[in-house]
Each structure stands twice: as C-alpha cells, then as structure tokens.
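Worksheet: one structure, shown below.
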Amino acid sequence: MSGTKLEDSPPCRNWSSAPELNETQEPFLNPTDYDDEEFLRYLWREYLHPKEYEWVLIAGYIIVFVVALVGNVLVCVAVWKNHHMRTVTNYFIVNLSLADVLVTITCLPATLVVDITETWFFGQSLCKVIPYLQTVSVSVSVLTLSCIALDRWYAICHPLMFKSTAKRARNSIVIIWIVSCIIMIPQAIVMECSTMLPGLANKTTLFTVCDERWGGEIYPKMYHICFFLVTYMAPLCLMVLAYLQIFRKLWCRQIPGTSSVVQRKWKPLQPASQPRGPGQQTKSRISAVAAEIKQIRARRKTARMLMVVLLVFAICYLPISILNVLKRVFGMFTHTEDRETVYAWFTFSHWLVYANSAANPIIYNFLSGKFREEFKAAFSCCCLGVHHRQEDRLTRGRTSTESRKSLTTQISNFDNVSKLSEQVVLTSISTLPAANGAGPLQNW
C-alpha cells in the first residue's frame, strides 16, 4: 500500500543520487591532482565511514531486521502448527508476513548499504532483481490488506452475499502473487546501473547508482502517478471506507444474520418476565445470547487489530510515497542546496518502510490473544530447550557418576557376599558329624 519503489524507496537506490552529488564533483574534476592514497582517504572519510548519526541508523536497521525476521517467522509457524488458527483472516496474515520476510531478507541489507555509502555495490543483475522484489512485496502487501478488508466487510456487513472459505483464501493468495509479479515487470526492465562520475570509474565503484532509465520524460511521470494511485491511494481509500462500515456494524448496530438485538434478547430472560415453562428453554436462550455476545467481542477484537495494522501500514509508507511523487513527478530535490536534510528525510523514510514489517508481529502480540499465546509458547520452548539441555548434561553426569559408584558398590558387595558365603559353607561343613570314623572331608 505504498507508492514506494525500490529504486526510489529505501531499498535499492541512492536517494541522493545525481543532484546531490553535484556538490561533490568539484574536488574530483581533476583526479590527477590527488595521489591514490589521498583520494582513497577522502572517499573513506566522506562516503564509506559511517558518521555518528549513521551508527544510530545502523543500530535501528539491525533491530528492525531481527524483530521483523523472527516475528514474522513466528506468525507463520503459529498458524502452521495450530489447526484452530487456520482461519481465512490468518491465512492472509501469513501471506502478509511472507511478504515482510521477503522484503526484510532481500532488500533491507542492500538499502542500509546504499543509504550509508550512497553507492550501489551489487551489480547490474541485482539492480534489476532487488527493486523488482521490493515492488512485488509492496504490491502483495497492498492486495493482501485489501483482501482482508474485503473479507471482513462481507463477513460482518453482508454475511449472506458471500461465504469466505479457507480454499478461497488460498486461491486468492496465489492470484495476489501472480498479479503482483506480472504488474511489476516494468520495474525490472527500466532499472540500470550507471556511474555519476565516469572519470572515476576505473578507480572506484563509488558513485555507482541503480536507477530508472526511461525513453522520455513523460513516461516516468505517468508510471509513478499510476504507481502511487494503484499501490497506495486507491487501496487506502477503499479500505478506510470498508473499515468505517465495519466499525458502524460492530460498535453501533446489530450484526446481520443474528436472531435479534442482544439487548432485546435479555428482556424475556429477566426474572419478572420469565416463562413458566421448562427451564431448558431459558437455558438455551441464555446460551444463544452468550454465544452471540462472544462472537461480537471476537469480531471486535479482530477488527480492532486489523484497523491498527492498516493504520500503521499507511503511516509507515506515507513519507516515502510523498517523497517519491515529489521527486519523480514534480522534479523536486534536483538542485537542492540543503542536501543533508533531503538525505535525512529519505533515509528515515526508508527505515520506516522496514519498520512496518517489524511492527506487524508486535501488533498481533498485543491485540490478538491467540497469537500472544503462541509467541509465549515458542519463546518458552526455546528457553526450556536450553534449560533442558543443561539439565540433561547435568543428569547424564550425575547418572554416570552414580553408575560408577553403584558398580563399585555392587562389586564390593559381591566380594563381601562371596567371602561370607565361603565362611558360612566352611562353618557348616566343619560342624557336620563324622561317620564310620571318616573325617568331614571324606564325607563331603
């Protein structure tokens, strides 16, 4: 749900590319004026070595990477291991997590390197692949959130018009990926590597950028306007309308498909107006009302969680979407003098895109009791697994020691028993009476 693209968005291109490098070109117009050692020191100091605030950025990216990867994998595992969690909504949530894992693994590291060094180091092939995967994951996320909103809208506002099933959800997920892979093919076609300072191409790969190359000025403007509308503005407006109606149904009105308003159901259950018939009828009515209240509360919790997911998604992708339109459509930031401010805005916007991937599992943990229980169980298993392994080693050590002691004791006892047996036998023999003048040994 974002007008974010890789080449423009965090992931895979130098947001400060050409216009911002104009200020740095002057020292390199005559590179022969500098020896190689001085030149490399300058590049290291100005472009490669992270500045103080960039160390903060690196720490932020590392935190997001770990949380996004671990959290989204746990979401997938939780739904896979528990059949009771394999609902239509959870299937879509798993698909959203898979898209987040994809963008975290493939695009986040490249984005961090580009934001710090302002250079594309990964070659022509990855210049096409990584931005393409970024836009595919964005499209998958948008379409998945749209399907979730549509599914909830039908289930709550029009339950008799369409029945959602797990099979339909799986088919929808397959269609989402196919459509996303097809409509983002132009992104891979137009991405090309180029150097901003051709005179330095033989000395360093710095100032190499991965950017779009169009045949005319009108095409990128049309493309980015359509991209913004299709992947951000239009889906966002439709989802907001859907959730507004869901909110009205769940919090302000009766859910269609139920027998009557809950408050009305309680009237015949009051002591003064209870029927004098069998008590079983009253119990069944109470059970029906309790089940309906439970259903309403469950739907409210789910709707609340999904609204928060949508809100966070919209906030995280809004800055990069606006900056992308301003840059690509209106040509802003081309000759800016305040390069540091522009760089900071783009860098922060890139980080927000990835922070959204880390935020979703946190939202599930706080707003979904089932996911929270599964996350706790997963962490408990990890902690208990380490604890059990330590206990097993200690137990094996104690068992081995006790076994040796037991074996020694048994051998010692066996020797003692043997000696005692010999004494008993000899004593018994010595006390036997002599027969016919024969001694005891003869009788034996």
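Note: Cβ is positioned from N, Cα and C throughout, glycine not excepted.
Taken from Swiss-Prot, the feature topological domain 'Extracellular' covers 1-54, 111-127, 192-222, 327-342. Marked as compositional bias 'Basic and acidic residues' by Swiss-Prot: 1-10. The N-linked glycosylation site feature in Swiss-Prot is assigned to Asn14, Asn22, Asn202; the stated evidence is sequence analysis. Residues or ranges marked as region 'Required for response to orexin-A' by Swiss-Prot: 33-49. Marked as site 'Important for responses to orexin' by Swiss-Prot: Trp44. Residues annotated as topological domain 'Cytoplasmic' in Swiss-Prot, with similarity to another entry given as evidence: 76-88, 151-170, 244-304, 367-444. Annotated disulfide bond per Swiss-Prot: Cys127-Cys210, in sequence order.
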Integer Å distance between the CA atoms belonging to Trp44 (site 'Important for responses to orexin') and Cys127 (disulfide bond):
24
Same chain, 6+ residues apart, C-beta under 8 Å of the C-beta of Trp44 (site 'Important for responses to orexin'), given in sequence order:
none
Would you mind checking how many other C-beta atoms are within 10 angstroms of the C-beta on Cys127 (disulfide bond)?
25
May I ask for the residues of the chain that lie six or more residues beyond the topological domain 'Cytoplasmic' (76-88) and have a Cβ under 8 Å from a Cβ within it?
94, 97-98, 101, 151, 164-166, 168-169, 370-371, 374-375, 378
Secondary structure tally of the topological domain 'Extracellular' (192-222) (DSSP, helix then strand then coil):
8 helix, 9 strand, 14 coil
Tertiary contacts of the topological domain 'Cytoplasmic' (151-170) (same chain, 6+ residues out, Cβ under 8 Å):
86-89, 91-92, 242-243, 245-246, 249-250, 255-257, 299, 302-303, 306
Could you put numbers on the helix, strand and coil content of the topological domain 'Cytoplasmic' (76-88), residue by residue per DSSP?
10 helix, 0 strand, 3 coil
